[in-house]
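Working notes, beginning with the structure itself.
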Amino acid sequence: MGRFIFVSFGLLVMFLSLSGTEAGVCCPFGWSGYDQNCYKAFEELMTWADAEKFCTQQHKGSHLLSLHNIAEADFVVKTTVSGLKDGVIWMGLSDVWNECNWGWTDGAQLDYKAWNVASNCFIFKTAENHWSRTDCSGTHNFVCKSPA
């Protein structure tokens, strides 16, 4: 009888540790797994830089969320951010225009820049499934992503 209880308890612990994760993806407790990555939403409101720093301290290789296809975005919306209040989270995308070769439609070189450099961070609006460029000093919830 004691062995049965021990085995049953062991199976229950294993089931609970794997719940919310994709089979074969080993994630830390409280994280959800998908396609060899682990994800966790945080309700804290932080600036982009603080959220990225926080993510790097959570788990080896962890950073703010990056999305590579619609299936991954759907997974994040359904499993990690459903409990967040406003459905707007920081993404790991930032400063994408600092290194690009911009040019004017008349062929002239871009030798004068007057855009707001503070707006080089992105948020993911989960209800609409789209990204928006925003001021990096604002505060939002965020999702950390780490290799499994």
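Each Cβ is built from the backbone N, Cα and C atoms, and glycine gets one as well.
For Cys144, the disulfide partner named by Swiss-Prot from the candidate list Cys27, Cys38, Cys55, Cys100 is Cys55.
Recorded disulfide link (Swiss-Prot): Cys27 to Cys38, out of the candidates Cys38, Cys100. Of the listed residues Cys100, Cys136, Cys136 is the one Swiss-Prot pairs with Cys121, by disulfide bond. Looking only at the disulfide-bonded residues Cys27, Cys38, Cys121, Cys136, the one with its C-alpha closest to Cys144 (disulfide bond) is Cys38. Helix, strand and coil residue tallies for the domain 'C-type lectin' (34-145), in that order: 24 helix, 38 strand, 50 coil [DSSP]. Cβ neighbours of Cys121 (disulfide bond) (same chain, under 8 Å, six or more residues apart in sequence): Trp48, Trp90, Met91, Leu93, Ser94, Asp95, Arg133, Thr134, Asp135, Cys136.
According to its DSSP assignment, Cys27 (disulfide bond) is coil.
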